[in-house]
Amino acid sequence: MGYRHAAVLSSVSFFLGILFICFNVDHKVLYTAPLTDKIVDDGFEFYTTFYNAPGAVKALLHAMMGVGILGLVAKLHTWDESALFFDGTSLAAFMFGVILYASVVIPALRIIVTPLDTDGRQERIESLRILAAANTLVVICLVAVLVMQAGQEYARRYEEREMRKVQEQERKEAEAKGGAPAASPEEKKNQ
């Protein structure tokens with residue numbers, strides 16, 4: 001695992017941690033049959049605190065988004081089949097999560113925290129539900145990134161294992177014929 005891979009995993013893990021904390025409120029909003037005033041007020045209070053966080057917290061949040069995007073673009077830069085499939089799909093899923101954040105989460109937070117004069121309590125409750133659903137979709141996108149990165153690592157290790165088996169088989173065949181053992185790829189490079 002290199003620095004680019006670590007940048008992607010740390011960014012995704014950071015956001016999953018934040019969304020896990022938000023899920024304490026979101027699951028009540030989404031899955032409680034009679035939505036009580038206490039649940040709604042808890043959601044309003046939680047997201048008001050979240051929205052009014054200091055600028056450094058918001059800067060850290062956006063910087064981690066940038067780290068994730070830069071890590072995926074840097075991994076995609078190798079431009080092999082693995083990068084195109086795994087890192088390209090990861091970048092698409094991550095960008096979809098960022099787009100959801102920018103186009104759904106932030107406007108919903110604004111309606112909840114600083115409603116317009118025309119926005120009543122029902123509009124704020126609906127925005128809270130939309131925000132909870134958007135957070136769930138962002139979690140799905142981030143889990144997809146983790147699955148693709150794990151798949152890429154598994155494929156890389158599997159390919160290395162198979163290459164070692166093939167090289168060992170070639171070496172045994174060469175020794176059985178009485179010839180010199182076949183040179184390894186590293187030896188071929190050094191010649």
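Even glycines carry a Cβ here, placed using N, Cα and C.
Because TrEMBL annotations are produced automatically, they should be read as predictions rather than curated entries.
The shown structure was predicted, so the numbers you read here are calculated from the model rather than taken from an experiment.
For 6-25, 59-79, 91-109, 130-151, the entry in TrEMBL reads transmembrane segment. Residues or ranges marked as compositional bias 'Basic and acidic residues' in TrEMBL: 161-176. Feature annotation from TrEMBL assigns region 'Disordered' to 161-191.
DSSP places the residues of the compositional bias 'Basic and acidic residues' (161-176) in helix, strand and coil in these numbers: 16 helix, 0 strand, 0 coil. Residues 4-8, 10-12, 14-15, 18, 87-88, 90-91, 94-95, 98, 101 of the same chain sit 6 or more residues outside the transmembrane segment (59-79) yet have a Cβ under 8 Å from a Cβ within it.
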